[in-house]
Amino acid sequence: MTTETRGRTHNGGFQILGSMKGATGPLIGLIVLCLFLTFWTDTFFSVRNFLNILDQITVLGIMAVGMTFVILIGGIDLAVGSVMALTMMVMGYLHVEAGLAMGIAIPAALVVAALNGLVAGVLITRFNVPAFIATLAMMSIARGLASMITNGQQIIGFPAWFNLSAIIRYGGFLTMTVALMFGVFLIAILYQRYRYGGRALYAIGGNPEVARLAGINVTLMTIMVYVVCSVLAGLSGIVLGARLDSVQPSSGVGYELDAIAAVVIGGTSLSGGTGGIGGTIIGVLIIGVLRNGLNLLSVSPFMQQVIIGLVIVLAVTAETFRKRK
Amino acid sequence: MTKPSPILSLRDIRKSYGSIEVLHGVDLDIFPGEVVALLGENGAGKSTLSNVISGTVSPTSGEMKWLGAAYAPATPREAMDAGVGMIHQELKLLPQLSIAENVFVGRYLMSGGRIDRKAMEEKAQSGLKRLGLDIPPSRIVDGLSTANQQLIEIAKALTLNARLLILDEPTAALGGEETQLLFRQIERLKSEGVGIIYISHRLEEIRQIADRIVVMRDGAKVQEFDSGDVPVRTIVEAMVGRSLERMFPTIPTPSDEVMLEVTNLSSPDNTFRNISFSVKTGEVFGIAGLMGAGRTELVRALTGADPISQGSVKLNGKEITPRSPREAIRHGIVLVPEDRKLQGVVLDHTIADNIGYANLDELTNSGWITNRKLSAFADAFIRKFGVKGHGAQNAGELSGGNQQKVVLAKWLARKPRVVVLDEPTRGIDVGARSSIYELIMDLARDGVAVVVVSSDLEEVLGVSNRIMVMAQGNQAGILDRNDANDVSVMELATL
């Protein structure tokens, strides 16, 4: 086993690129996928299409960052899709129905998202509810609350800039929403690699008892991870609202599974302690490129689901075989 | 009266793991209707021997005979079918199933393709009756007393027609009255001709129940007494014996200044009660006792890892009773835990990361940390402690001794004031041990108060200035280095 194949290395130099190192396999997969699509379609390899892909992955990308942290500590969050919908509906209600400015409605909606994560985190750490169950409950609760706000109706009537933030390409290529996703990626990578907390996440995921005995505040860190995951789910909801120029309570059904898939394809282990944001970004790109490419190849949406399932199996078994060597 | 032929006879049983022999040619005969007490210190080979008999472990060489015929069980199931009933210290009943289902689990009685509950309950009932137990076999196990659960285990063995029962520490979790209940049932089984191997650390009860005593030490049978009525001191002397001289370093003299003071410490679940002691600056304070004496629980509570129900911990005269490892660490009290692989290191993370986890606050500059800083920090300690490995290597690839050095390194980087080591050399080969002892002495010389918990009697005697002995959660006594020897410690430990 060489140093390169291990989770993280301690060389100097390109440390941000180093975040990708645990995900060499997925990265190769992504490159192969891109090469394949370049040869098989006329339209894949173009700046325009790449920008499209970036637009299409913003929601999943932001959500998957939070999910990575949760899975890194050995947890799971099934509630992100519902929290996303709840955040969107709270924002819509506060702005359109209650007449508050977007500058207030958005932060307030994110606070609601944070509360969801807080409840899940407290249930998990204080009441020893398994993460799967706690977030399953939150998934149902948040979805119900989202629907109660308008009795299932969608809300429209956002200011023009809101939708335009997902359309106008500043400098010819960067929409506000894509820029937001890049911002989240960058902060997450910096946090994971250079902050006390980022290191502590690996310790907790590796072995919570070792982490606790080492003086790491495992309870607080765990709660914070669920809060951050929920806030990022809420943020991705706001991005989705901007893209659709409307919000509805049925948004984000099944998104939690996409987010988990992206994290897992990116090489983060469901048992915690290994992997990271770098891999997840590649995982998100694989899903984005695959969907885009399959559309270009006119593969039916049903078949697309089958193929994405196969890719998950491929990614995880490849990882298992690599480890066994 | 001529002696009946033995149920089981063992001749020259040896067991090796790799190049290490853990059983050195044991001979043993068990006759019907007798209780043979199998005694020895932790690690003397009692468990290995009983595992050989019950088919969990295959001997490397030697011969076993069961009722005169060759006997070599490959699985516990084969041993059970032959008539060996092994009752483990930790009960292995399924709490949500009925007594009858527990008795027949894995070998349900069938009739016409269906599980025959009625037959099972009847048979279980007769097994329970044989033990004088009046509990309906349809009751679920959950909620029964430990003694009764123990008896159900025995009933289970009996319904499988066990001729030989191995009881491993059956009274460890029992109170006085329950113990007597168990003893009455053992007498009854004896009169029915069942042979019993009885493993226990409680020497007083051995005199009451055993017909013969077999003492093991370091994987060999060292002495046999043809009566159970042997003075405790004689048994203890046989148990500890004199083994090869081991090298321990010279122990520094502690100062007079008290660093750590523990007063009336008790745990909420009663694993230890009213423990009081103090450790001086530069002193190595040993804690001895048998398994289940509450030593690990005590030091875990002391370092904030487990809750404390009452009592106080003072550091330099200031009360600091820690409620979390975090608090203890902040005060400079650190724990090198008992189970290195589960509590000490993250095996699939690198050595550098492992050392870093306990020092993240030191390594960060207003929360920021770089890999360069981490590896430089880790490398310094890897060199200082002579860890045979490099920072980017996974901790799981190291030997036990080197892993332990990593655990020590991560703490010593913090310059702690009290270092608590729980079984510091468990699973570490003899050669590597002396370097761990040297590290402990270096700590004491630097003015750290050191607490060492060990099941290895010689080790506690060899490294400590003073030794506290615990027995069943109580403080049995504190001995000075000059008064402490293996016999005096064992006498206190078996109180």
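Cβ atoms are placed via backbone N, Cα and C, with glycine included.
Annotation comment: TrEMBL describes A:21-40 (among others) as transmembrane segment.
Within its own chain, the transmembrane segment (A:60-86) is flanked in space by residues 112-113, 116-117, 120, 124, 131-132, 135-136, 138-143, 145-146, 180-181, 184-185, 188, 201-202, 204-205, 208, 221-222, 225-226, 228-237, 239-240, 248-256, 258-260, 262-264, 266, 268-273, 275-277, 279-281, 283-284, 287-288, which lie at least six positions past its ends and keep a Cβ under 8 Å from the stretch. Under the heading transmembrane segment, TrEMBL lists A:60-86 (among others).
Residues 77, 79, 83, 86-88, 90-92, 129, 131, 134-135, 137-138, 142, 158-159, 162, 222-231, 233-235, 237-238 of the same chain lie 6+ residues outside the transmembrane segment (A:98-123) yet bring a C-beta within less than 8 angstroms of a C-beta in it. What TrEMBL records for A:98-123 (among others) is transmembrane segment.
What TrEMBL lists as transmembrane segment is A:129-146 (among others).
Counting residues 6+ beyond its ends, the transmembrane segment (A:167-191) has Cβ neighbours under 8 Å at 16, 19, 47, 51, 54-55, 57-58, 61-62, 65, 68-69, 197-198, 232, 235, 239, 242-243, 277-278, 281 in the same chain. Residues or ranges marked as transmembrane segment in TrEMBL: A:167-191 (among others).
The transmembrane segment annotation in TrEMBL covers A:211-240 (among others).
Residues 7-8, 18-23, 25-27, 29-30, 33-34, 37, 53-54, 56-57, 60-61, 64-65, 67-68, 71-76, 185, 188-189, 192, 202, 204-207, 304, 307-308, 311-312, 315-316, 319 of the same chain sit 6 or more residues outside the transmembrane segment (A:260-290) yet have a Cβ under 8 Å from a Cβ within it. Residues or ranges marked as transmembrane segment in TrEMBL: A:260-290 (among others).
The annotation transmembrane segment is assigned in TrEMBL to A:302-321 (among others).
Using a Cβ-Cβ cut-off under 8 Å and counting only residues 6 or more beyond its ends in the same chain, the transmembrane segment (A:211-240) has close neighbours at 58-63, 65-67, 69-70, 73, 75, 77, 79-81, 83-88, 91, 106, 109-110, 112-118, 120-122, 124-126, 135, 166, 177, 180-181, 184, 197, 200-201, 203-204, 247, 251-252.
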